[in-house]
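Q: Questions regarding the structure given below will be posed in turn.
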Amino acid sequence: MWLQKHNLINLNETTFVTMLFKFIILLLCTTLVLSQDDAQDFPDQDLDIDSEKISTNEDLNSPDVEVEEIPYNTPQPIGNTYLAEHFDDREDFQKKWIPSEAKKEGTDENIAKYDGKWAVEEAERNGLKGDLGLVLKSKAHHHAIAARLDKPFLFDNKPFILQYEVRFQNGQECGGAYLKLLSQVPDMDLRTFRDKTPYTLMFGPDKCGNDHKLHFIFRHRNPKNGSFEEKHWKRTTAVPKFDDVFKDKKPHLFTLIINPDNKFEVLMDKHSVHKGNMLEDFNPPVNPEPEMDDPNDVKPADWDEREKIPHPTATKPDDWDEDAPRQIVDPNARKPEGWLDDELELIPDPNAEKPADWDDEMDGEWEPPLINNPKCEKIGCGKWKAPMIDNPKYKGKWRAPLIDNPNYKGKWKPKRIPNPHYFEDKYPYKMTPVAAVGFELWSMVDGIMFDNIIITDDLYVAEHWASETFDLKRELADRETDNMITRLFKYTNKNPWLWAVYLVVIGLPVVLFISFCCTTTRSPAVIAAQRDIENRRKAYASKTFAGQTEEKAREVPKEATITEVKEEEEEEEVPEEEVELLDNEKNESREEEKQTAEEGDEEKVTDEEEEEEVMGNQESDATGDFPRRRRLRKD
Ligand SMILES: *[C@@H]1O[C@H](CO)[C@@H](O)[C@H](O)[C@H]1NC(C)=O
């Protein structure tokens with residue numbers, strides 16, 4: 001009886017805990033739903049929201065994703081800049097940005113013109129309201145557009161910071177999105193901007209097929225003869241997660257910082273990609289080798305590069321027969337007894353029949369197909385030949401043994417002479433001043449959006465600029481892809497009172513669970529029951545199973561866990577014959593289910609405690625199992 005009673009208590013505990021968990025899940029779901037349209041129900045102080053406008057806006061742009069609006073104001077740089085272009089002012093853009101009227105040399109005449117279209121417009125989807133950007137509009141066309149800096153940037157003794165945003169709104173298959181900083185020249189005319197226009201540096205993403213690059217190229221002036229050479233950053237392809245830039249359709253921020261001490265840093269989405277030095281991380285290197293191979297030096301005719309030579313006086317031994325064949329006929333082989341010399345190896349198939357539709361006139365005379373002669377299977381037939389074996393006298397061609405070459409002089413190398421083109425430029429940072437920026441691009445996919453180009457000598461100015469532009473955009477874009485948990489977390493951080501709700505909702509059941517279970521586990525009744533079960537198990541195991549299983553049974557820990565105790569107690573009620581069935585896992589669970597239902601019934605019948613009964617009812621009603629099981633029982 002005490003056991004039954006204990007079972008009842010146990011059942012109700014489980015019911016209660018299940019209910020609490022259901023309650024928690026319900027609450028979490030409610031919170032999630034709230035977090036999705038909190039704009040309406042919980043207006044946030046930082047967000048000035050007009051809910052009606054949002055929904056219409058979102059319906060147009062992305063009907064399937066609800067994204068709340070983030071207010072955007074055209075940014076203002078907070079310090080010295082050489083260019084700060086947000087593209088929000090169409091009139092200003094028309095004045096400043098000059099589309100190229102040039103042609104690209106050395107390409108097919110049909111596509112040589114830089115006639116790809118540019119537009120200033122809002123993002124195709126999920127952009128900030130009122131935020132315009134420069135968009136490359138034509139597929140498979142050359143595009144070129146440029147704008148003068150407010151003032152030229154001189155690479156003297158201040159840091160150079162370039163930062164801009166790229167968003168591949170339609171992804172990318174083959175095409176660039178890099179920015180060129182055009183060198184200052186007299187009478188600069190941006191209408192002639194093309195591939196050959198001299199630039200000082202080039203920075204930004206580029207992709208074709210599986211080739212993804214983050215370019216950083218600068219043109220270095222040879223101080224000896226004044227010619228320029230492109231220096232390519234060595235890490236263009238070693239940028240982590242760079243592939244995503246071309247796929248995720250989100251805005252990405254690229255930052256290049258070059259300091260007067262030649263140290264530079266590349267950042268993507270505000271994370272450092274690489275810190276390097278202009279003197280070390282470029283190909284070809286800025287400074288040539290001080291020495292070089294003498295191009296006029298030639299290898300002397302008598303220079304002996306052979307490390308080993310054949311022994312000069314060694315001779316072939318007299319008994320060395322170079323002509324002995326590698327294989328000979330086995331002299332000891334004998335024709336096996338019973339070999340049938342006169343039998344053919346293949347015979348016409350005696351069981352084959354001429355097909356009914358065979359026409360001798362048309363198909364020729366019919367012949368049965370050949371099969372292996374069954375008489376040959378045992379020993380063999382036909383002409384007998386002795387097998388070949390390796391010739392023990394075979395030696396091959398004689399060669400003199402090798403010895404060290406006394407005249408060996410080592411590998412010949414040309415003389416090293418001073419490099420006549422040598423120079424040492426200690427400050428490659430001091431590049432040609434830049435007076436304009438330009439995009440000169442080919443792209444197979446349209447919709448590349450550029451925004452918020454800034455050139456400054458103060459990193460803080462660039463960071464602040466990003467905080468008013470990129471950060472907002474990125475948050476908006478991320479909301480689309482945030483998973484439920486991240487969303488919940490972000491929402492809760494905005495509404496900290498929710499933490500208190502979670503604490504109560506999650507904390508309360510945990511406390512209850514612990515208090516229930518711990519007291520139960522400690523009760524002497526359970527310990528007694530455990531011992532009893534253990535003894536029965538041992539007895540059963542020694543009766544039924546081999547030694548191995550018995551050992552396992554003995555291993556059952558004294559301090560069984562709560563679930564184990566439950567299972568074992570249920571086992572207790574099962575008659576011995578049924579125990580064997582329990583070995584099968586499926587049977588076990590079915591058995592358990594049945595039992596639970598029975599116990600539920602008994603509980604109803606005993607009608608012990610009102611509260612418990614109510615709970616049992618609720619649980620059963622909720623699952624819809626209770627009435628069905630009752631009927632089964634009556635049957
Ligand atoms: C300048 O020197 C480099 C080698 O250092 C050479 O490659 C280049 O052709 C030279 N340019 C001119 C204009 O002589």
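Note: Cβ is positioned from N, Cα and C throughout, glycine not excepted.
Note: TrEMBL annotation is automatic and uncurated.
Sequence annotations record features per position, and here TrEMBL assigns compositional bias 'Basic and acidic residues' to 296-310, 583-597. Positions annotated as compositional bias 'Acidic residues' by TrEMBL: 566-582, 598-614. According to TrEMBL, the disulfide bond annotation covers CYS174-CYS208. According to TrEMBL, the feature region 'Disordered' maps to 278-342, 564-635. Annotated signal peptide per TrEMBL: 1-35, in sequence order. Sequence annotations record features per position, and here TrEMBL assigns transmembrane segment to 497-518.
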Q: Report, as numbers and ranges, which residues of the same chain sit near the compositional bias 'Basic and acidic residues' (296-310): CB under 8 Å and 6 or more residues beyond its ends.
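A: Apart from its flanks, the compositional bias 'Basic and acidic residues' (296-310) reaches 399-405, 407-412, 414-415.
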Q: Inside 10 Å of the Cβ of CYS174 (disulfide bond), count up the other Cβ atoms and send me the figure.
A: 14
Q: Using DSSP, tally how many residues of the compositional bias 'Basic and acidic residues' (296-310) sit in helix, strand and coil.
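A: Breakdown, helix to coil: 0 helix, 3 strand, 12 coil.
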Q: Tally every other Cβ atom lying within 10 Å of the Cβ atom of CYS208 (disulfide bond).
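A: Cβ-Cβ neighbours of CYS208 (disulfide bond) within 10 Å number 14.
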